[in-house]
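Let me begin by presenting the structure, written as structure tokens, before commenting on it.
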Amino acid sequence: MWKLKIAEGGSPWLRTTNNHVGRQFWEFDPNLGTPEDLAAVEEARKSFSDNRFVQKHSADLLMRLQFSRENLISPVLPQVKIEDTDDVTEEMVETTLKRGLDFYSTIQAHDGHWPGDYGGPMFLLPGLIITLSITGALNTVLSEQHKQEMRRYLYNHQNEDGGWGLHIEGPSTMFGSVLNYVTLRLLGEGPNDGDGDMEKGRDWILNHGGATNITSWGKMWLSVLGAFEWSGNNPLPPEIWLLPYFLPIHPGRMWCHCRMVYLPMSYLYGKRFVGPITSTVLSLRKELFTVPYHEVNWNEARNLCAKEDLYYPHPLVQDILWASLHKIVEPVLMRWPGANLREKAIRTAIEHIHYEDENTRYICIGPVNKVLNMLCCWVEDPNSEAFKLHLPRIHDFLWLAEDGMKMQGYNGSQLWDTGFAIQAILATNLVEEYGPVLEKAHSFVKNSQVLEDCPGDLNYWYRHISKGAWPFSTADHGWPISDCTAEGLKAALLLSKVPKAIVGEPIDAKRLYEAVNVIISLQNADGGLATYELTRSYPWLELINPAETFGDIVIDYPYVECTSAAIQALISFRKLYPGHRKKEVDECIEKAVKFIESIQAADGSWYGSWAVCFTYGTWFGVKGLVAVGKTLKNSPHVAKACEFLLSKQQPSGGWGESYLSCQDKVYSNLDGNRSHVVNTAWAMLALIGAGQAEVDRKPLHRAARYLINAQMENGDFPQQEIMGVFNRNCMITYAAYRNIFPIWALGEYRCQVLLQQGE
């Protein structure tokens, strides 16, 4: 039976800054579990599989089953159900909150964070399996049980038409279909296995033009595997790393996720690396193409892309650029004396790869560059220490649920979820009853702050300061992020106001000052904050975005979410430390407020870039303005935002926004105008903060009624449609949102609407 392990090492090749706090990984133990436990797991798996085309999102039941066995669960309070004609009472809300918090406290890990699924994208696991296959480490790193669960996952998320999507809820794409078909083959499935599902997958690929129509990232992965030719790829010259930094196209000016993926890709392209040609690879050459492999027109293939994948079509300037590099520049760099420059570029690339690996304890900024960097380390030296240090960190990215084993979009969302959870629990005003939960969470926040900058000359490595920041996941990961720092700071400041007898010692003021320093340092000239770094180049750089599948990836843009979180954190900080860098804090807040107001859409909404979508963005937009004292009575911006939200409320009382809003940039309801507990909570939080209760409480009562009725028998909330997004077009799971935000919204509703009403 599988067991989730928390904050453990277990390998001499693991490095850590904080004794592995926040680390989460799954391990198989054949001796674990009673017959009843095993039956419960199998029932969860069967239920998911039977309903997989209706409910594509797993509910994280294996983790929940484990915690229900391990943690003492208090008797569940009676479930509350409210008729449409009934009034919502304070007692009903308090009972719902206690039921929700009683449950949520049972799935907290002993180190204080809430583990959970951060899967969703369907292109991550293939990169891992291709890399492990090439390096010969597949059977060393993954047990038979790992491989079995991965196959389960891939079959569970195959669409009815036989293909696979970019993410678990997406329609079939060539990128998803080819890579996941290849992954199943590398995991031991034959071309006709899976009760006909392999054949269905292959038919989808061939009926849509074959693997020559895969996206550029897919072409790269197939090329290193040996199932595609490098001449069928557009150039990714590593020489770009040798350009002077003042050029706007220097990779050091790009969004860190973009440059950190193209860094190892350029190394592999520069070397034209191809793995061992095995019998499976030779067979794939026959299975994936509509013509014999030796007859494929690789030059034509460079610019082919299936229409199903084309979110960001290449502009003409890009086609001209790639053709020039391919036909003129590359031939020069492949032979003497140009080869000397190529060798220098490759050395520069691997130097930067090692720096990234060492300063993330071999976790790396994300799963794509994690496996690419690992492959590059092996290509450089198959027996290297660097490659061995990479291997145990693979498990940090693997998550198991009833749908199988997936690769996550990060090594988790530990700090992010914990920061929100703390704010949600404090909003209920039930602090004393849940003191032990808050104390553990407080400890996690304190242990997860990044305490040092990366070593060396940060400019040389194109890195921003880190000291004082909070990361998205763990301190070992260590990349600083603006909104994670802000949410960590908000949580720390709120807890510092609670008696230390309940939540433990407050964080040292010096560390709070360092967090404020990070936030201020990340503000751009326009007042907005981007994610990891300052915006270092221009939006026109998207003209050379080679990734057909993703939008707005080349530079780090300022976002309403990051900017609003910074305002809220700095306002909270200023109340407690009014004298610290007063002028800079005031100016930062003022500029950020102007930025948020300037990017509001004409309909009153804000586009959310990191979750679905206008509901999420508008919650942040409103909260940023509310933090400086604006309400729907004194601010036309807030009033317009409230009008927008109220116009989207469903007859059920809730809100339900589809992920299609993200890619189309137009508000879309969920199918059948269904409501969603997370969207509903975001809308409620925005409206309550804006002062809706002073104007008309009815929409809030209706929303609260929907949330209360949605709560499950055990106090959990249901897992509904996917709610996270990145790069406009790819969805990602935030498993904790279904618990955090309904609790937060009902907490604020109880304290700021019902209790105020009673006074």
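Each residue, glycine too, has its Cβ placed from N, Cα and C.
These features come from Swiss-Prot:
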| type | residues | note |
| --- | --- | --- |
| REPEAT | 147-188 | repeat 'PFTB 1' |
| ACT_SITE | Asp483 | active site, proton donor |
| REPEAT | 512-557 | repeat 'PFTB 2' |
| REPEAT | 589-629 | repeat 'PFTB 3' |
| REPEAT | 638-679 | repeat 'PFTB 4' |
| REPEAT | 700-741 | repeat 'PFTB 5' |
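With respect to Cβ pairs under 8 Å, the repeat 'PFTB 5' (700-741) is most closely packed against 638-679, considering the stretches 147-188, 512-557, 589-629, 638-679. The residue listed as 'active site, proton donor' falls within a helical segment according to DSSP. Looking just at the repeat 'PFTB 2' (512-557), the mean pLDDT is 93.
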